[in-house]
Amino acid sequence: MTNAFVYPNVEFIAGVDEVGRGPLVGAVVTAAVILDPHNPIEGLKDSKKLSEKKRLLLAEEIKQKALAWSLGRAEPAEIDKLNILHATMLAMQRAVENLKIQPHFVLVDGNRIPQLPMSAQAVIKGDSLVAEISAASILAKVARDQEMIELDRRYPEYAFAQHKGYPTKLHLERLAQFGVLPEYRRSFAPVKKLLSTLLSKNHEYVFKIQK
């Protein structure tokens, strides 16, 4: 995995990735991981290319073997206030700040980096090229999926365990049928549109009563 990527010549390197920019509900979750070069983990790759069972196994191994790992998040209200890009950067900052070892260098998946007190580099397709970023993507994915499973237990009619909050046909149908929960991102188009429609209908109803 790492042969194609030239690492900076420093001791502690953290990989950072996010999960949950696209869903309509819940937090955007990020992870930061500093791996131990003397305790390698086999099978690290982009979390989206792993089965759920394999992700869960690797997540436990990462937590046991990594020199440091942490999670960061930005809640739906922060996403609505800042927009999803800036909220993701904030969540990444929080993940790095939460590390018990402060890294000398941070490698971030994608083409943007958050403002950090140490040097950082964006790596396109980093979750496939850099072991630390792959590990971060796995931890973030497992954490966010677990949050969706917990939300599914509270609101089984929305089927969150199936679609994980992404705007699938099933999710949009359930959203229209059962309405907007507090955990939804109100600035996201399908949610915003539904709220606008409901508001419009309420106004019409009030107007009819007044007449």
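Counting starts with 1 at the first residue shown.
Note: Cβ is positioned from N, Cα and C throughout, glycine not excepted.
Binding of divalent metal cation is annotated in Swiss-Prot for Asp17, Glu18; the matching candidate from Asp46, Asp80, Asp109 at the same site is Asp109. Non-local contacts of Asp17 (divalent metal cation binding site) by the CB criterion (under 8 A, 6+ apart in sequence, same chain) comprise Thr30, Ala31, Ser47, Val108, Asp109, Gly126, Asp127, Ile133, Ser134, Ala136, Ser137, Ala140.
Taking the mean position of the Cβ atoms of Asp17, Glu18, Asp109 as the divalent metal cation site, the remaining residues of that chain whose Cβ falls within 8 Å of it are Val16, Val19, Thr30, Ala31, Met92, Val108, Gly110, Gly126, Asp127, Ile133, Ala136, Ser137, Ala140.
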